[in-house]
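In what follows, a structure is listed as structure tokens, so that the remarks can point back to it.
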Amino acid sequence: MQWYFVAALLTILTSSQGILTTLSQSNGHYTYDYGTVPFLAEFFKLVVSSLLLWRERRVLPSTRMTTEWKSVRLFVIPSVIYLFHNNVQFATLTYDIPEKEAVESTVDGYCFVSHWNNHKPGCGEASCDSLFSAPIQGYMLGILSACLSALAGVYTEFLMKKNNDSLYWQNVQLYTFGVIFNMARLLVDDFRSGFERGPWWSRIFNGYSLTTWMVVLNLGSTGLLVSWLMKYADNIVKVYSTSMAMLLTTVISVYLFSFKPTLQLFLGIIVCMMSLHMYFAPPNMLVDMPSPTKAAPENLKEISVERKTDS
């Protein structure tokens, strides 16, 4: 499988992620416990990775699998980071609209540029009091989401490439801890509420709709594609794949949510496209590099050496 095909598919899934999550809301609120969505997504990834690992071992019994605890325990760290990141994303979308979430999930350089985009009705017009008319909590959660995404991405790439273990075995380790920590998070919420609504497993599907299930499948499929890119490409390709979703998400949001793009958002997209071009363009397209020329050989002078022989 070519990396650019996976990157293009990741772009499509990323652009639809924020849109589906927003569509799953009712009057700006979630009718379901959004903490259950990352749990089900992690469970979905674990099941798929386990089946692929089982199939791989049937075909290739010598599949490399490092089982020492000192190696396995390293997967705890990204699992915890992704736990916080996934839940922060849901919280962010209660303040912002999808095309902004696509920006926040990429890199910080143009994250701040697009944060100047206003999201309340009438923003971008003369009636707005401030560029930062959206709630400050939304901006803070957006910045936190971007930082967590970058940290998790870099560390996951390190784990995926530190040895030649099977990708599916590495995924099984990562998603096993993901399921465990997401279950712990749901249980903590139950304790904090005094089990007012009962244990989380008794209401896990409450409020779920077809759109909610599409969010679960989207999150799960996106995670599997990201792990593939981390193993066989790199984190930069993943970042640019998700950043390309900005433009697509913005276009779709115009039709679905009557979103009015602002100058600040277009500026963020332009910065993103310029960065993408500069990273992948050949060096001679960016700077005027002199063409390599072969140095002319120096003229050789014949030196006659006279031999004097002793008579």
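Residue numbers in this text run from 1 along the chain shown.
Note: Cβ is positioned from N, Cα and C throughout, glycine not excepted.
TrEMBL: automatically predicted annotations, no manual curation.
Here TrEMBL flags 1-18 as signal peptide.
Per TrEMBL, transmembrane segment is recorded for 34-54 (among others). Within its own chain, the transmembrane segment (34-54) has Cβ neighbours under 8 Å at 63, 82-83, 86-87, 90, 166, 168-169, 171-172, 175-176, 178-179, 182-183, 185-186, 189, 200, 204-205, 212, 215-217, 219-220, 223-224, counting only residues six or more beyond its boundaries.
As annotated by TrEMBL, transmembrane segment applies to 74-95 (among others). Packing against the transmembrane segment (74-95) from elsewhere in the chain are residues 18, 21-22, 25, 28-30, 34-35, 37-38, 41, 101, 104-105, 119, 134-135, 137-138, 141-142, 144-145, 148-149, 151-152, 155-156, 159, 170, 173-178, 180-182, 185, 219, 223: each is 6 or more residues past its ends and has a CB under 8 Å from a CB in it.
As annotated by TrEMBL, transmembrane segment applies to 139-160 (among others).
With a cut-off of 8 Å between Cβ atoms, the residues of this chain six or more beyond the transmembrane segment (172-188) that come close are 33, 35-36, 38-39, 42-43, 45-46, 49-50, 53, 72, 75-76, 78-80, 82-83, 87, 156, 159, 200, 223, 227. Residues or ranges marked as transmembrane segment in TrEMBL: 172-188 (among others).
Annotation comment: TrEMBL describes 208-230 (among others) as transmembrane segment.
Residues annotated as transmembrane segment in TrEMBL: 237-257 (among others).
Residues annotated as transmembrane segment in TrEMBL: 263-281 (among others).
Residues 1, 3, 6-7, 9-10, 13-14, 16-17, 20-21, 23-24, 31-32, 37-38, 40-42, 44-45, 48-49, 82, 86, 153, 156-157, 160-161, 167, 170-171, 174-175, 237-238, 241 of the same chain lie 6 or more positions beyond the ends of the transmembrane segment (208-230) yet place their CB under 8 Å from a CB of it.
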